[in-house]
Amino acid sequence: MNSLLIITACFALVGTVWAKEGYLVKKSDGCKYDCFWLGKNEHCDTECKAKNQGGSYGYCYAFACWCEGLPESTPTYPLPNKSCGKK
């Protein structure tokens, strides 16, 4: 019984520990989502948790939105073949 409980807890942690994280990126131009209030940031948290992003938490780090718990399908900075502000 205890073994089953431990195995179940491990499976739950695998999804949390191995989830993707990174800077949220605009697909149109390859730029990061800007922010100015470092640390806990409602704008970044809302953007990261949006249905099209699927993240679990977001905050402002180095003046850009950093997201945790993203699905593998969500692109993060840098995007291949798109460099922000460069042609």
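A Cβ is built for glycine as well, from the same backbone N, Cα and C atoms used for every other residue.
Swiss-Prot has this to say about the protein:
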DISULFID  CYS31-CYS84  disulfide bond
DISULFID  CYS35-CYS60  disulfide bond
DISULFID  CYS44-CYS65  disulfide bond
DISULFID  CYS48-CYS67  disulfide bond
DOMAIN    20-85  domain 'LCN-type CS-alpha/beta'
MOD_RES   CYS84  cysteine amide
SIGNAL    1-19  signal peptide
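Swiss-Prot feature annotations superimposed on the structure.
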| residue | record | contacts (Cβ under 8 Å, 6+ apart) |
| --- | --- | --- |
| CYS31 | disulfide bond | VAL25, CYS84, GLY85 |
| CYS35 | disulfide bond | ASN41, HIS43, CYS44, CYS60, PHE63, ALA64, CYS65 |
| CYS48 | disulfide bond | LEU24, GLY55, SER56, TYR57, GLY58, CYS65, CYS67, GLU68, LEU70 |
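DSSP assigns CYS48 (disulfide bond) to a helical segment in the three-state reduction. Take the disulfide-bonded residues CYS60, CYS67, CYS84: by the count of other Cβ atoms within 10 Å of each Cβ, the lowest one is CYS84.
All protein chains shown were included, and the count of other CB atoms within 10 Å of the CB of CYS65 (disulfide bond) stands at 26.
In the three-state DSSP scheme, CYS35 (disulfide bond) falls into the coil class.
The average per-residue pLDDT of the prediction over the domain 'LCN-type CS-alpha/beta' (20-85) is 96, rounded to a whole number. Around the Cβ of CYS44 (disulfide bond), a 10 Å sphere holds 25 further Cβ atoms from the protein chains shown. Under DSSP, the residues of the domain 'LCN-type CS-alpha/beta' (20-85) split into helix, strand and coil as follows: 8 helix, 25 strand, 33 coil.
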